[in-house]
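> OK, TrEMBL features for this one:
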DOMAIN    43-292  domain 'Nucleoside phosphorylase'
DISULFID  Cys78-Cys85  disulfide bond
BINDING   Arg83, Arg127, Ile128, Gly129, Thr130  phosphate binding site
BINDING   Gln206, Arg208  substrate binding site
Amino acid sequence: MTAWKRFVHVKNPYLDTMDEDILYHLDLGTKTHNLPEMFGDVKFVCVGGSPNRMRAFALFMHKELGLVEGEEDIKDICAGTDRYCMFKTGPVLSISHGMGVPSISIMLHELIKLLHHARCCDVTIIRIGTSGGIGIAPGSVVITDTAVDSFFKPQFEQVILDNVVTRSTELDKELAEELFNCSKKIPNFPALIGHTMCTYDFYEGQGRLDGALCSFSREKKLDYLKRAYEAGVRNIEMESTVFAAMCGLCGLKAAVVCVTLLDRLDCDQITLSHDVLMEYQRRPQLLISNFIKKKLGLCDQIS
């Protein structure tokens, strides 16, 4: 009996009427590139804000998967544009998305269309990154069960034409549990499942007192962050709600895995040394690498 395949869906009837689809910000297209040949075997997509970090992840996965080609063969597929970078190592696609909802939204529209045009199936997509923690120690890895907005609601509001459209931000609970169980097998690896709050700003939007503008008191900041903690929020970043909403609508199994760089109840500025910062940033990569190898049946190669 043939296993049922889970394809990537697009929710746009107009795409079928187009003679060509130009993925402008990725420097790819349906007429200029053979997308099924280039990407048809992709099973895991990892996205993160920094181009350098995603290139480092691609090189790490190349080593972890024991691929034959040399590291010099790992080229930026999006080299024709300076918006995003993309690297492919075996069945793993590594892509940068920049900072904030608008930047990741543009990338996701074109990435999802790419996966659709390439006829990819059974794809798992994971955002890996950094965040500010709430009430947890720096270096903790938060696996998101639900992305929430600044009002602690599990929703993403998108202004479309002159209407506000609200979309769910639930993530795949089974995938989150699988990632959490995988984290237990890594020594000295602090991980937890919790809500992630997505904001539209790094400074005032996250209750920081150190921006160029500040319109609230220290007391109001702490009250807000404590209420977020009581609502189940364990970390704050700037992409998770739109990521969860878009992936959910398009049939993608999705997760968000972010390391915390500080406890926002204690401070606003990141004061970690470079070496500690680099070690923390590698933690989500290590977890996802082990998860991917487990799914590929490479259990004897778990880091």
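Including glycine, each Cβ sits where the backbone N, Cα and C put it.
Whatever TrEMBL says is automated annotation, not expert-curated.
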> Enumerate same-chain residues with a sequence separation of six or more from Arg208 (substrate binding site) and a Cβ-Cβ distance below 8 A; give 'none' if the list is empty.
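Once residues fewer than 6 apart are set aside, Arg208 (substrate binding site) is near Phe202, Cys214, Lys221, Asp268.
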> How far is it from Gly129 (phosphate binding site) to Gln206 (substrate binding site), counting Cα to Cα, in Å?
17
> Starting from the Cβ of Arg83 (phosphate binding site), draw a 10 Å sphere and report how many other Cβ atoms land inside it.
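Counting Cβ neighbours of Arg83 (phosphate binding site) within 10 Å gives 17.
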> Among Arg83, Arg127, Ile128, Gly129, Thr130, listed as contacts of phosphate, what is the widest Cα spread in Å, to the nearest whole number?
20
> Can you figure out which of Cys78, Cys85, Gln206 (the recorded positions) comes closest in space to Thr130 (phosphate binding site), comparing Cα atoms?
Gln206
> Given the recorded positions Cys78, Cys85, Gln206, state which is nearest to Arg127 (phosphate binding site) when distance is taken between Cα atoms.
Cys85
> Taking just the CA atoms, what is the gap between Ile128 (phosphate binding site) and Cys85 (disulfide bond) in Å?
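If we compare the Cα positions of Ile128 (phosphate binding site) and Cys85 (disulfide bond), the gap is 15 Å.
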